[in-house]
Amino acid sequence: MNDHDQDNGHDHRWVRGASSQDQQESVSRATVMSVGIAVIAAVMVAAGLYFASRVIVPVIMAFLAYLTLRPATVRLAKSGLSPTLSSAALMLSAFAVLAFTVAVLYGPLTYWLGEAPQNIAKLKENFQSIVRPLTILDETESQLEKASQPITEDRPQIKVDVQKPGVLNETLLINTTGQVIAFIAVVLTLAFFMLRDGDELVNRCLEVIDRGSSRHEVMKTLASVQHNVGTYFASITAINVGLATVSSLVMWGVGMPTPFLWGAIAGLFNFVPYLGPLAATGLVFLAASSVFEPLINAAAVAGLYYSVTVIEGSVVTPMIVGKTLRLGPLVVLLSVAAFGFLWGLLGVFLAIPMVITIREVCCHLPAARPIAVILGASRSEESACYQNTSAVQVDHQQSIEELAH
């Protein structure tokens, strides 16, 4: 081989090396650009969710109610009721339950809100009596400092009495009650139309998609999400109603005033795993400290209250729902913080349903499966989704046709 051939081989290797380096740089630039676009899109979505919360939150709550009550609508449709009558019956039943619950709990709730300042002050006194022996040295030191100061003439002091507003403000309560009633009316109205026309809208959207694999995948995803998420929410709601009943009986048994209020708080706060039961137990401890003395008795009442939730979370929920749709503590904390920042108190209660819905959707999208795994989905859960989809799809298609007619 002459020198000219060697030079040509060297040039070819240099060209291949340069081209591979250019390809790596282009891939890295594309990756950075993709990450940047994803971050910008996430920020824009978060901003939209934050500023449009007055519109988005009622729609999301109505959508969750639709997923929860849709199986009941399908059963009523199979019995011969039209979608309009079945949806109206469900919404009227939901409104009646809410009205009865508010009527029963309004009096106890206003009572405890009015007593909250006194209860907090009494709890502070109890804690001060416990830690007072530990502050003797500090008090002695302060007295010695006062004794070492020069004697000065006493000057008249003006006493200013600042009255802090109570927790319960009647004007604020009336305004808030009106806003809550209007919000519930909007949610129930949206849920009614979703139950009546939701499946028909889905059927029309499917007609737009060309027949083939794409339509099959969309149908499969919608069927699985509606079935799994709806079943989960219905099961969790039934579990929390049972928890509220048992907690009410326990509080009644120990002599706690207004036991039905504490049972309702237990069932409502249990929609937020880990954090909700702790917050409810803190409220029970605050109220019990004004009823039971010494303070150890109030702590025992709160501990008994919390133990009911622990038994429910450790035994009842895994038996009924299973472990596949449960979330880890870190995911719960981050989701509650994020949605609480976006939507306030309602965001705290909507965080877990939103995360579970997002995870179920990502479970069926190949490009988004890493997100589902990060949110707690396992490989077995993904395979189970696909194994159970065919049967769910058939049932979903049948229910759509029944409701459409």
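If you go along the chain as it appears here, the first residue is 1 and each next one adds 1.
Each residue, glycine too, has its Cβ placed from N, Cα and C.
Features of the protein shown, as given by TrEMBL:
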- 1-14: compositional bias 'Basic and acidic residues' (COMPBIAS)
- 1-22: region 'Disordered' (REGION)
- 30-49: transmembrane segment (TRANSMEM)
- 55-73: transmembrane segment (TRANSMEM)
- 85-106: transmembrane segment (TRANSMEM)
- 172-195: transmembrane segment (TRANSMEM)
- 229-254: transmembrane segment (TRANSMEM)
- 260-288: transmembrane segment (TRANSMEM)
- 295-321: transmembrane segment (TRANSMEM)
- 327-352: transmembrane segment (TRANSMEM)
Discussion item. Can you work out which residues elsewhere in the same chain, 6+ from the ends of the transmembrane segment (295-321), have a Cβ less than 8 Å from its Cβ atoms?
Written reply: 126-127, 130, 232, 235-236, 238-239, 242-243, 246-247, 250-251, 254, 256, 262, 266, 270, 273, 277-278, 280-282, 284-285, 288-289
Worksheet item: Looking at the stretches 30-49, 55-73, 85-106, 172-195, 327-352, which one shares the most CB pairs under 8 Å with the transmembrane segment (229-254)?
Response: 55-73
Practice prompt. Sort out for me which stretch, of 30-49, 55-73, 85-106, 172-195, has the most Cβ pairs below 8 angstroms to the transmembrane segment (327-352).
Written response: 55-73
Worksheet item: Which stretch from 30-49, 85-106, 172-195 shares the most C-beta pairs under 8 Å with the transmembrane segment (55-73)?
Response: 172-195
Worksheet item: Residues of the same chain, at least six outside the transmembrane segment (172-195), with any C-beta under 8 angstroms of its C-beta?
Response: 58-59, 61-63, 65-66, 69-70, 73, 83, 86-88, 90-91, 94-95, 98, 110
